[in-house]
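What TrEMBL records for this protein:
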type	residues	note
TRANSMEM	B:21-48	transmembrane segment
TRANSMEM	B:68-85	transmembrane segment
TRANSMEM	B:105-133	transmembrane segment
TRANSMEM	B:153-175	transmembrane segment
TRANSMEM	B:184-206	transmembrane segment
TRANSMEM	B:218-239	transmembrane segment
Amino acid sequence: MMTVIQCENLEKKFRKKKALQNITFQIEGEKITGLIGRNGTGKTTLLRILAGMTKQTSGTVTILDKTPFNNLFVSANSILINDQMQFPGSFKLQDILNFAPDFYEKWDAELATRLLQYFRLSPQSYHSDLSKGMKNTFNFIFGLATRCTVTMFDEPINGMDEAVRKDVYRALLKDYLAYPRTIIISSHFLDEMEHLLEDILLLDEGKVALHKSLDELREHAIGLQGPADVVKKWATGFEILHEKQLAGNQLYTVLKAQDCTFNEKQLLQEGISFIPVSAGDLCLYLTNTRVGGIDDVFND
Amino acid sequence: MMFLTTKSFAETLQAQVKFKLHAYLSMVVYLIILQVAGMLLFLLLGSANMSSSSDLVEMEFYVFTPKPMLILSSLWAFYVGKLMTRHDQRADIMPFVTTRTLSSIADVVVLGLLAIFTGITVMLSIYVVRIIVMLKPNQNIISGENMVNAPGIFIENIMTFIVFILLMTAIGYFFGMLTQQSKLWIFFIVAVSVLMLCSAFGQQVLLVTIKLAKSVPLPLLGTPVIASSILFVLATLLANKLEVRG
Amino acid sequence: MTNLGIVPVLFILLIILLVVTLLQSKSYRTKLNQRPLKIFIIVYVAILAVAPIIYFILPKEEKQVLTDNGSEKLNLENKALREALFKNETASIDERFLIDEWTRTFKEKEIYLKMENPDEGEKVNIIVQTSDKANEQITGKLYRKNFIENYIYIPDKLNKPTIIWRNEKTMAVKNPTAKKLSYVTVSDKLNKGGFNNEESHSVVVVEKWDDDGPYYLLLTIPKDVKVWSDEGLRIYD
């Protein structure tokens with residue numbers, strides 16, 4: 001399988017602030033990877049480096065075996081869709097679509113037109129007149145129709161309502177199945193799009209916290225809930241990712257699964273239940289540096 | 001096996017130039033508005049009028065030349081050059097296939113084409129002025145240099161205008177790139193120019209520079225062409241260095 | 001030279017300011033679509049392209065700035081006119097020089113010729129001729145030589161002198177007032193200081209005969225009439 005994206009010891013500084021450090025990962029073949037992380041963890045910066053829009057401070061990055069910065073080959077075979085995309089003020093959506101084939105050989109005009117129609121975007125309206133959600137819908141359609149080998153979406157669903165989001169996920173999946181390619185989506189809404197993703201790349205404070213397939217991620221942690229003292233007893237010796245005090249002296253603990261095996265029967269007898277941890281929650285726990293939760297702010 | 005696109009530099013440049021030209025159509029319309037405004041102002045207010053009297057006649061002369069249209073167009077050229085470097089116009093967020101270098105080269109090509117368009121339209125606009133002048137009744141018109149009786153002047157002027165407008169766009173482009181780096185450059189440049197113009201030493205330096213520029217054995221239009229090229233190259237280097245936080 | 005007052009300059013600055021503000025506020029959200037923009041530009045370019053053709057096709061009366069040769073030729077004609085007048089060879093004078101002609105019955109024995117406004121220069125030269133016939137008539141013929149000012153030949157636009165009979169014996173000539181003429185020239189040249197290229201003309205040597213005013217009044221008076229003249233009047237006989 002061909003390595004599409006490869007990063008090694010990637011570092012990016014803005015003046016003295018380190019936006020990215022020690023980023024090492026590789027993405028092979030055609031798959032959809034979710035780029036997950038909290039606000040300000042460097043997702044956008046990473047995507048901009050991958051798209052060749054910004055240069056890294058140190059380390060190496062290759063897309064299709066080429067350094068992306070200022071590289072025409074990479075630019076022709078990749079696209080980054082974000083909500084900062086601007087089109088000339090005098091261009092109607094149709095004008096934008098008309099120009100696209102000049103740049104993207106694999107442009108699917110029919111798909112673009114049909115999606116525009118479906119999402120009720122008038123080809124005669126101006127990009128700058130669209131609402132935030134509609135703008136992002138259009139940008140998404142644009143990104144999908146380019147059929148670029150490496151397609152990156154930075155927070156593509158911001159501002160879209162739930163119905164549109166669902167349709168967008170569906171459209172992405174359908175088009176991906178018909179024309180497999182390497183897709184990276186950064187988003188806060190991991191739960192909603194968990195079904196799309198094969199891989200998760202989790203960033204935390206400018207570093208790679210985790211890069212696993214979704215299946216591996218699901219086995220990465222287990223949640224135990226039951227009487228606090230019993231749960232605590234069982235949890236000793238394991239890495240606790242998250243802990244939450246519940247009503248009635250109950251405790252919910254998320255443990256790093258690693259190679260631990262529990263005797264399920266015994267646990268159940270002691271009043272502890274297994275609670276599966278969703279990928280979204282897990283990512284949240286893995287990147288949570290705060291001591292306690294928001295509730296603790298209000299406690300004395 | 002995935003299918004990869006290999007677009008040549010020339011192909012992409014062509015597509016970018018076409019795209020940018022379309023993106024700047026509204027700028028061309030503003031240029032036209034300025035040129036028309038120039039012509040109207042010019043016709044309303046007259047220009048370079050002189051009078052001479054003898055015992056029998058008091059003669060008044062109105063002289064119309066392409067100068068006002070050229071001045072207005074060059075202000076526009078500076079503006080467009082500067083506009084191209086604005087954050088929202090640059091490769092960082094322009095969604096089509098490009099690289100920073102390619103985008104800068106496309107900018108220069110577009111500015112060059114716009115300069116050619118501007119130079120020719122400025123020169124031709126004087127013929128519209130001619131017709132309007134002719135249509136006014138009770139006029140004594142003295143024939144001036146035109147493309148038939150003085151084709152040399154006509155062609156030389158078009159070349160000069162194009163080069164001059166190009167230089168203005170280059171100055172705007174370079175200035176724009178500088179200010180993209182830091183707004184402090186604006187104050188710096190203004191301060192330096194004021195100092196240069198106000199101090200005796202500064203004036204001396206300017207004069208010597210002009211003398212040096214003139215003493216270089218170049219054809220008439222060589223100096224502005226070289227100056228424009230230097231500015232464009234510097235601006236492109238600046239553009240490659242620019243960091244825009246996403 | 002360039003005589004732009006402060007008002008037009010301010011006006012232009014104001015317009016520029018307006019346009020720049022307009023540009024800045026509109027460039028983000030220009031609602032003009034590609035098609036109307038293109039049409040607008042094409043129309044403008046078409047107008048500009050057609051303008052020179054229309055200009056050259058339109059019938060026009062453009063005056064040429066005289067060349068050295070041209071003004072010399074006109075001056076020679078003036079010289080010939082003067083000589084013909086003084087030699088009384090009026091028949092040989094080109095008709096275009098004669099601009100007025102009159103006859104008046106005159107029964108007096110003497111005539112006073114006066115200048116109505118002598119301080120305004122000598123624009124009219126009076127040539128008195130006596131006629132052989134005793135026909136009690138005075139004829140006047142007003143000629144104007146080729147008038148050139150600032151290298152422009154002005155053939156027919158000048159004011160004429162007027163003749164006033166104060167009484168039966170006194171004829172006064174009133175100098176013509178200066179005529180206001182405005183000239184327009186449109187040039188491709190960028191730095192056109194004047195309407196003509198002064199450097200291309202050589203310095204014209206003014207000869208004595210050229211000192212005459214542009215008008216000649218040829219009076220034919222019966223031979224027995226005595227002529228008295230005012231000072232400030234140029235009379236040749």
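Cβ coordinates are placed from backbone N, Cα and C, and glycine is handled just like the others.
Just so you know, TrEMBL annotations never went through curation; they're auto-generated.
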Please report, as numbers and ranges, the same-chain residues at least 6 past the borders of the transmembrane segment (B:184-206) whose CB is under 8 Å from any CB of it.
175, 178
Surrounding residues of the transmembrane segment (B:218-239) on its own chain - C-beta under 8 Å, 6+ positions past either end:
85, 90, 100-101, 103-105, 108, 159-160, 163-164, 166-167, 169-171, 173-174, 176-178, 180-181
Using a threshold of three or more Cβ pairs below 8 Å, and leaving out pairs closer than 6 in sequence, do the transmembrane segment (B:68-85) and the transmembrane segment (B:153-175) count as in contact?
yes
